[in-house]
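Going by TrEMBL, these are the annotated features:
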type     : residues             : note
REGION   : 1-41                 : region 'Disordered'
COMPBIAS : 7-35                 : compositional bias 'Polar residues'
DOMAIN   : 32-223               : domain 'Galactose-1-phosphate uridyl transferase N-terminal'
BINDING  : C70, C73, H160, H211 : Zn(2+) binding site
ACT_SITE : H213                 : active site, tele-UMP-histidine intermediate
Amino acid sequence: MFETAHEQPNSAPAVSPSQSTEQSSHPSGPLSQSRFDPISGNWTIFAPQRSERPDDYIDSVSKIKTDVQCPFCRGNESVTPEAVWSKHIPETDRLFSNISCAEEEIEPWSVRVVPNKYPAVESLSQDRTPLQFPASSMGDLFQAEPIYGGHEVIIETPRHFHSLTELDIAEIDLVFQAYRDRIRHYRAMEEIRYINVFKNVGHDAGASLSHSHSQLVAVNRVPRAIETMAERMKRHRAKTGCCLRCDIIRAERKSNERIIAADRDCIAYCPFASNLPMLVRITTLEHQACFEDLGDRTLESVSRMVLRVVSWLEKIRPGAAYNFCLNTRPPGIDDPSDAFHWSIDIFPRITQIAGFEWTSGCMINPVLPEAAARLFSKCAAASNPRRM
Ligand SMILES: [Zn+2]
Ligand SMILES: [Zn+2]
């Protein structure tokens, strides 16, 4: 909740004097807005309120030292906004050996979802009118529009753990149930066009708090890169009658060079054209457009596969920062041919995005996916999946 949705500059973005006055007069502070660059064709979200959020990694040299200081730890619930989703598995309480009397009075929880205290976008649930930008005063070259939806934090454990691999298996399942429920919640809202679930682990991956958590951002606009992805899947479906992702999975299984694990429901592989080193993609073997439509058994398989991949990644690159990004069919994408197929990408942040990549949008990946797959497969072979 005090955390970056994606990396952003420390300084507040520039706003025109008229907008600045309008924003500062708002009772809840400045509003988020989206601005269009007519040359690149990209929209950028401006969220001035996020410059105020604390940074765990900057405020204390060696990260948070005690549970008392961490807003996500059990016992500190009053520091966060009220939960919008919370579930409890009593069996995991045995893991609390040092619980105090005061903490016992707090409603127990195992996974808790709260609104982000420093949201990237305005919440739809708040009863207020978003800013309007009159076209005549802004002009075609300075297009801006309000951006709104929701920004939530999924607190994955009441204990001050840094890694998913420290969680109880039942908690991991619950985390994925929270993703499913909260995506469904936003999908039901007419204004929501895109929902993103992601996880930033480590400062280099954009995290500002070390307590294990993930985030959800729902917005009223589909980003251009996602539109392009959906368009390409639709074109393939129209041309071949098949799902592009399903075709790729079939081809990967045939070549068997980049698959690192599979079970009866899902598969993990290093994609042939990964734009980042050591990227692992997880998806269902059966065609499925939306992650949030997965049944309980499949959801459980996916959560275990994610856990296995993260544990292998931690063995290969101990302490590496990484991101986890979930792509589900955006509600704003019209997809009558059922061309979209959901996926999760997990990738360590082991290279910097430098000048060439920023300018061209073309990544330079120093690790061939075949080599990455061999490393992961070695770890997979050494571990016993039944223990996961
Ligand atoms: Zn904590
Ligand atoms: Zn498919």
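Just so you know, glycine gets a Cβ as well, placed from its N, Cα and C.
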H160, H211, H213: which of these recorded positions has the sparsest Cβ neighbourhood within 10 Å?
H160
Cα-Cα distance linking the residue listed as 'active site, tele-UMP-histidine intermediate' and C70 (Zn(2+) binding site), given in Å to the nearest integer
12
Give me the CA-CA distance between H160 (Zn(2+) binding site) and the residue listed as 'active site, tele-UMP-histidine intermediate', in Å, as a whole number.
10
Report, as a single number, how many Cβ atoms besides its own are within 10 Å of the Cβ of C70 (Zn(2+) binding site).
19
Using a 6 Å cut-off on Cβ distance, which of the recorded positions C70, C73, H160, H213 come close to any atom of ligand 1?
C70, C73, H160
Rounded inter-Cα distance in Å - H213 (active site, tele-UMP-histidine intermediate), C73 (Zn(2+) binding site)
11
Reading the DSSP string in three states, the entry for H160 (Zn(2+) binding site) is coil
Near the Cβ of C73 (Zn(2+) binding site), how many other Cβ atoms are there if near means within 10 Å?
21
